[in-house]
Every structure is written in structure tokens, then in C-alpha cells.
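Copied from TrEMBL, the annotated features are:
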- His91, His93, His148: Fe cation binding site (BINDING)
- 30-42: compositional bias 'Polar residues' (COMPBIAS)
- 22-45: region 'Disordered' (REGION)
Amino acid sequence: MIGDRVCGPSRNNAWQRRAEHERAAFVSPPQGQRSRSTRVSGNGQGFRTLAFEPMRRMGTVVYTRNLVDEGNGKFNLMILCWSEGQGSSIHDHADSHCFMKVLAGTLKEVRFDWPQTKDGVEAPMAKKGDSELQLNSVAYINDSLGLHRVENPSHCEPAVSLHLYCPPFDECSMFDQRTGHRSKSKVTFWSKYGQRTPFVITPSQPEQYENN
């Protein structure tokens, strides 16, 4: 962090134009899945620079979620910044559609089947497969396709990715790979429009918090 600057762009003209384009072109999934993947895939060098340059200046940080646009309540557009070796938990997407594009570096996505419990007995989760997402790769997932974990496999290079979630959500489930145990997690933002957000845990809400 440099002052109030965090990984991710502020409200500059380029990102505003991108957000306005998404709002104007938004169609409800799944009909819009193919066209939306094409639009996300079409982002240019300017967006990679806006996302990555502040991260280079501030040095590596932990994995953060940085809100770019709230999409009239229909979607959230955000930049995720991954320092070396950082990754998410195994999680679902709360019945949302998730589109992801790699803007810098390389990410690894590992997918899992939903945990199956018999008579309440927990068991290790079944891995469906994994894929390496190179620069400009685009991926999609929803809950019908299973669960996933995303991580930066590099120990010397950070990574940056652009994510679109529709509809937006503020809570998801996280899973323990060893047992399949499920727990609820609040999802928050490290920053909004380039400004660091305050982080407050309410004592009456002991849930885990993902990503702030």
C-alpha cells in the first residue's frame, strides 16, 4: 500500500468505460454466458497495466479482492491480486456465475466434487482435476460444475486476475479438503475503487471472513 493506493484501479476513465460497457451490455445468464466470456476475454493491455502496476510499486501483498464496479446490483466486477504462493480456500459460488480472466502471471485452478457424507461421516474431498491458467486465459464456473480453489503457483512472480460475479453475493461456503467439512464465510473487499476498506468483525458474528 502506498498511502491509500491499493492493488487495483481507482475510478479512472478506462475502468469507468469498461464498467459502463458491462452495465449496458448485461444480459441474464446463462443466455449471456458465451457473449460475456468473449467480452471479458477481449480486455486489453490497459487493464492489465492498471491492475498490475500499483502492485509492483507497493510490493507483494496477500491475496486481495478489489471492487471495480457494482454493476447496478446485477454483478460485481473486481480485480484479485495474488502474491507469490497465495491461494483461496475451496469454496462454492452461492448460486452465482463466475467469470475469470488472468491479467498477469499464472494461476492454477483446482476443481472438486461437492462433498458426499454418509450418515454424517466426513471424508476427504474428491478432486475433479486442475488446470493452469496462463496470461489472458478465461475460465468459468458455477455451483452445478462443482467447487474450486484458485492459487498462484509461482514463488517468484505475483499474479492478477479480473473476475465478474453475477449475481453478486456476500457470503459463500468454504470446505476442508481433508474432511469435506463446510463452514460459512463472509466475503468482503480489500478495496473499493482503489481505496482501502475498513475491516470490522462484529463480536456477535463469529463467522470466518474471506479475503479482507
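Glycine is no exception: its Cβ is also placed from the backbone N, Cα and C atoms.
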Which ones in the same chain are close to His93 (Fe cation binding site), with CB under 8 Å and 6+ residues apart in sequence? Ile141, Asn142, Asp143, Tyr165, Phe169, Cys172
What residue among the binding-site residues His91, His148 has the most other CB atoms lying within 10 A of its CB? His148
Other than His91, His93, His148 themselves, what residues in this chain have Cβ atoms within 8 Å of the centroid of the Fe cation site's Cβ atoms? Ser88, Ile90, Asp92, Cys98, Ile141, Asp143, Leu147, Arg149, Cys172
Per DSSP, His91 (Fe cation binding site) is which: helix, strand or coil? strand
